[in-house]
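Take a look at this one; I'll ask things after.
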Amino acid sequence: MATATLTLFLGLLALTSTILSFNADARPQPSDEDLGTIIGPHQTSFDDEIGIVIGPHATVDDEDIDMDMGTTVGPQTNLNDDDLGTIIGPEFEIHKQDFPADFIFGTSVSAYQVEGAKKGSGRGLTSWDEFTHMFPEKVQQNGDGDEGVDFYTRYKDDIKLMKELNTNGFRFSISWTRILPYGTIKKGVNEEGVKFYNDLINELLANGIQPSVTLFHWESPLALEMEYGGFLNERIVEDFREFANFCFKEFGDRVKNWATFNEPSVYSVAGYSKGKKAPGRCSKWQAPKCPTGDSSEEPYIVAHNQILAHLAAVDEFRNCKKVEGGGKIGIVLVSHWFEPKDPNSSEDVKAARRSLEYQLGWFLRPLTYGQYPAEMLEDVNIRLREFTPEESEKLRKSLDFVGLNYYGAFFSTPLAKVNSSQLNYETDLRVNWTVITNNLSLPDLQTTSMGIVIYPAGLKNILKHIKDEYMDPEIYIMENGMDEIDYGTKNITEATNDYGRKEFIKSHILIMGKSIRMDKVRLKGYYIWSLMDNFEWDKGYKVRFGLYYVDYNDNMKRYIRSSGKWLSEFLDSKETLHKCYFEGHREKGYAPKLFDVEYLEPENSQLSYRSDFM
C-alpha cells in the first residue's frame, strides 16, 4: 500500500482512548378466517392513519438512498493485516480468556426481520405488516418481512452457523402475534407459534448457546392498533402484561435473560414523530404524506406507556416461579455517544450532554431514579406525562441490567433556530447532530452508510457514563455492528470480504476489554448485530449488517464473511487482539478511514445529518 494512502488511514479516532404452564386444550384457538389477510385496504379508520414516509424507490442508484442515511459507502479499499501496523503508545492486548468466564459473546436478530412465515403459521398481523403492505413505497425497493430470511424454517441450520462462529449467546425477539394473533389470550393462542419458540430455545441450549429474549421489538399487534391505537392508549399496558406473563410461564424455565423493549426511543420518535417507521404517524408539517398524528404529543405518550408496560412486565417477572434461580430482566436502549462539535465551546459541551439525556436518559433516568431527566421536565413540560409516587418507587427497582445498542457517535451543537409552532422531539432537543467537527486534529472521519461516525472510544465513554450516572448496573451490549449498502454489483467473494466490518468489531471488543479492566464496568455480554443480513425496516434489504451474507437471489443461501471468520478464530482463542484501524491512541491522533464516502445533504431539514436510528 502506498505510504500516502496509509497516512490517510492513520488520522481520526484520537477520541478513541477513552424472559404455571398453560393447558393447551383450554386455550381459545383462533381460526384461519380470524387471522385474515393483509391484501387490500382494511375497512377501519386506523389504517387510514398510516402515513407515507418515503417516496417510491425502484432502483439501486445512489439517489435512492434515504437522505437520512447520511452517507453512501463507496468501493471498499483492499487492505491486509500487514497494512495495519500497531498502535503507538501503551500496548493493550486482549485475548478471549481475558473476559470473565461467564461473559456472553453472541449475535442478535429480531422476529419480523428474520422469521418470515407470515402465512400458514398462525401468526397474526402486526403494525409492520400494515406498514409495508398498505404503503410499499415507504420501504426501500418495496421490501417487507413476509419472508424475512426464512429463519422460521431454517433455525436449526442457522444455529449451526452460530456454532461455526463459536458464540455462546443468541438474542432474539418473540413476535407477540405469533403467540397471541390478536394480542390477547381470550382471542386465541397460536400453539404452532408457541411450539416454534420452545423448539428454538431447546435447540439453542442443546448447542451450548444461551437464549436472550426481547418481548417487544417494534411489532405491535395490528388488532390492538385497530381496536384502541396500540401504545397511544394506556390499555396496552395490561395487554402487554398478559403477553409477558404468558412468555415467562411458557419459556422462563429455560430463558434467564429477558428484555421488555428494544429501543423504545426509536419506536416512539420514528413511528410517531417522524412517520418513518410503523405505524408511520406524524404531524402534517413534519411530513406532508403523514395522514394523521401529532409529532409534538404522541412520541411522549407512546414512550410513557412503554415505560408503564415495562413496569407491568417486571411485576409479572418478579412473581413468576418459572424464572427463579438466576433470571434477569432489563430493557434495551440505544444511544450514540456525543462529542461537542467545538470542544472549546461551552454551548457545544452542553449540547452533547443534553443529547445524552434526551436519548439515553429519557428512559434510563426514570428506570433508575423514578423520574424523567430535568431537561425534559423543563422543556417538554406538560406534554410529558407524570409518574405517580407509587410508579416512581417501583421504577427505581425495575432493572436487573441495562441493555445498550451502540453504533457510533455524533458531534453536537445547539440548533440556531426552533419553530415554536411546530414542536416535536427534535425541536425539544434543540441540538444539531452532525458528522462535521471543528476539531482540526480530526481530518478524516469515517462514517457508516447510515451516517454515523465510527467511534469505538464512544463505547468506552458511554459505558463509563452509565456506570457513573446510573448506579453502576450490569450492562449487556445487545447490538453493535456496521452496515453497508447493497448496490447489487458484488459477487459472493466480494460481498463476503468485509474488511471494514471486521476492524469495526475488533475495535469494539478491544474497547470492551479496556472498559472492564480500566473502568471496572460491569459488562456481562456483547451481541453483534447481526448474525446474518435481514430486513432492515424502512431500508428493506438494501442495507446489510450480517456476519453471514444472505444471497436473496439464490434461495437465501448463507455465506460467512471475513468478519465472521475472524470472530470465530478470536472466540476459539486463536487470535490476540492488539491492533485495529478504528482504535487508536489520542496523543498520536490516529484517524483511520477505510471507505470513500459521499455525503448526501438532507432536504428541508434543520439538521446537518440525522441518524436513521432516531
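Here the Cβ of each residue, glycine as well, is placed from N, Cα and C on the backbone.
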Can you match one of Gln97, Gln113 to the beta-D-glucoside site that Swiss-Prot gives for His217, Asn262, Glu263, Tyr407, Glu479, Trp529, Glu536, Trp537, Phe545?
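Beta-D-glucoside site check in Swiss-Prot: besides His217, Asn262, Glu263, Tyr407, Glu479, Trp529, Glu536, Trp537, Phe545, the record includes Gln113 out of Gln97, Gln113.
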Out of Asn262, Asn419, which of these recorded positions shows the lowest number of other CB atoms within 10 Å of its CB?
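Counting other Cβ atoms within 10 Å of each of the recorded positions Asn262, Asn419 gives the minimum at Asn419.
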Calculate the distance in Å between the alpha carbons (Cα) of Asn344 (N-linked glycosylation site) and Gln113 (beta-D-glucoside binding site), and round it to a whole number.
43
Write down the Cα-Cα distance for Glu479 (active site, nucleophile) and Cys290 (disulfide bond), rounded and given in Å.
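One finds 30 Å between the Cα atoms of these residues.
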Give the residue from the binding-site residues Tyr407, Trp529, Trp537 that has the most other Cβ atoms within 10 Å of its Cβ, counting over every protein chain displayed.
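The most densely surrounded of these binding-site residues is Tyr407.
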Could you work out which of the disulfide-bonded residues (Cys282, Cys290) has its C-beta surrounded by the smallest number of other C-beta atoms within 10 A?
Cys290
Spatially, and counting Cα to Cα, which of the recorded positions is closest to Trp529 (beta-D-glucoside binding site)? Options: Cys282, Asn419, Glu479, Asn491.
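Of the recorded positions Cys282, Asn419, Glu479, Asn491, Glu479 has its Cα closest to that of Trp529 (beta-D-glucoside binding site).
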